[in-house]
Amino acid sequence: MSSWNSRNHKPFEVTYHKSLRNIRTHKQGRMEVEIKNLTRVSLSLLASLIYCHFISSRIPKGKIRLASLLPVFYLFITLPICFASLFPKAITSLFVSWLANFKLALFAFDHGPLSSDQSNSLLQFISKTLLPVKIKQNEKHPPSQPPQNSPKLPLNLPAKVLLFTVLVGVNDYKSSFHEKWILGLYCCMVYLLVDIIFGIFNATVHAILRMELEPPSNEPYLSTSLQDFWGRRWNLMVTNLLRHTVYNPVRSSLGSLLGQWAPLPAVVASFLVSGLMHELLFYHVTRASPSWEVTLFFVLQGACLVVELAVKRWFGGRWQLHWAISGPLTVGFVVMTAMWLFFPPLIRSGADERAIDECKMFLNLVKGRGAKMDRKVNLILYLLHCIKLLSPLQNVNFTQNIIFSWHHL
């Protein structure tokens, strides 16, 4: 029996350890490739924004400056393809291909956060272009806020990180859940992940530039209407950019033709552009041909919001549901339509599984670094304790004390 164990278990152990080494080698190689890609992309972004800050800014605003930015627009759209991992693709697509390009489009006409009246230094110009931040303005007429009688249930950044970590762990047991519950779980994870990423960049810019920044979102789970959700609560950075790049130009161009109804087609146009930019983001992540489901999702949201605005205008604000009724109806509608149209393209391509795997890999990396740090701290404490025990003031058996102290560190 012992010879059988020696013949069969040893090759299994060798194979197992070889496979572990291969996995570690593969992960290390993949990490090195992604670091090289990140370096290349970062240098491209830096060179492009130096060009925009020092050269394009000296070109007269308007079509000529816009033409000078066309190569930058094209480069920013193609940069996410440089990455192999899902999260670098998604973040670069959102921050660079979408938000940065929209900010530069406003910059071409001397509008937005990069305009000349903002007196931006190079560091401020780069930060405002690449990062999803919005500086607080001391305006006489601040943007409309959620109703004062709406409930409050704030979640700070650490609480969101903890809750997201728990939901990542729950995914290990999703085989026992109904499909609808899994999609509902994905909705919660998307909200938390977007808010965490935007919140981290907000905190970073605030620490470096000492600027007062607006929060990335405002408790969207407490929305009482579609207008409240999309206009005042969810992803406020994107909402602000769409307002200046799409909504305001369309409304002003149709104002003389439609009068007081001009905001309605402007709303639909904003949601259409948002849907198309999400299609680009999904293409960068999945590399699959667009199915146009996500565009339909946003067009549907825009159409329903137009109906809501028309009904409000018809009643003149005299009739309004209580937030305890309108809140669940609003959030439920957004979640159900997201299950129907938003998530299927990601699930078909396997992007959801890859995203969860990358989250687990990152959490394990952080956990491993933390464990290594704990071991180093314990080793330092152990050595200090040994020095203390070896001191001439100690008149006890220091060998036994050292062994005893090691077991209690």
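Placed from the backbone N, Cα and C atoms, the Cβ positions cover glycine too.
A TrEMBL annotation is a machine prediction, not a hand-curated record.
What TrEMBL says about this protein:
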TRANSMEM  66-87  transmembrane segment
TRANSMEM  183-209  transmembrane segment
DOMAIN    217-299  domain 'Wax synthase'
TRANSMEM  261-282  transmembrane segment
TRANSMEM  294-315  transmembrane segment
TRANSMEM  321-343  transmembrane segment
Selection from 66-87, 294-315, 321-343, the stretch that has most Cβ pairs under 8 A to the transmembrane segment (183-209): 321-343
DSSP residue counts for the domain 'Wax synthase' (217-299), split into helix, strand and coil: 68 helix, 0 strand, 15 coil
For the transmembrane segment (294-315), sequence-distant contacts whose Cβ falls under 8 Å of one of its Cβ atoms, 6 or more beyond its ends: 225-227, 230, 263-264, 267-268, 270-272, 274-276, 278-279, 282, 333-334, 337-338, 340-342, 345
Spatial neighbours of the transmembrane segment (261-282) far in sequence, C-beta under 8 Å, 6+ residues away: 77, 90, 93-94, 97-98, 238, 242-243, 245-248, 250-252, 254-255, 288, 290, 292, 294-299, 301-303, 305-306, 309-310, 345-346
For the domain 'Wax synthase' (217-299), mean pLDDT (0 to 100): 93
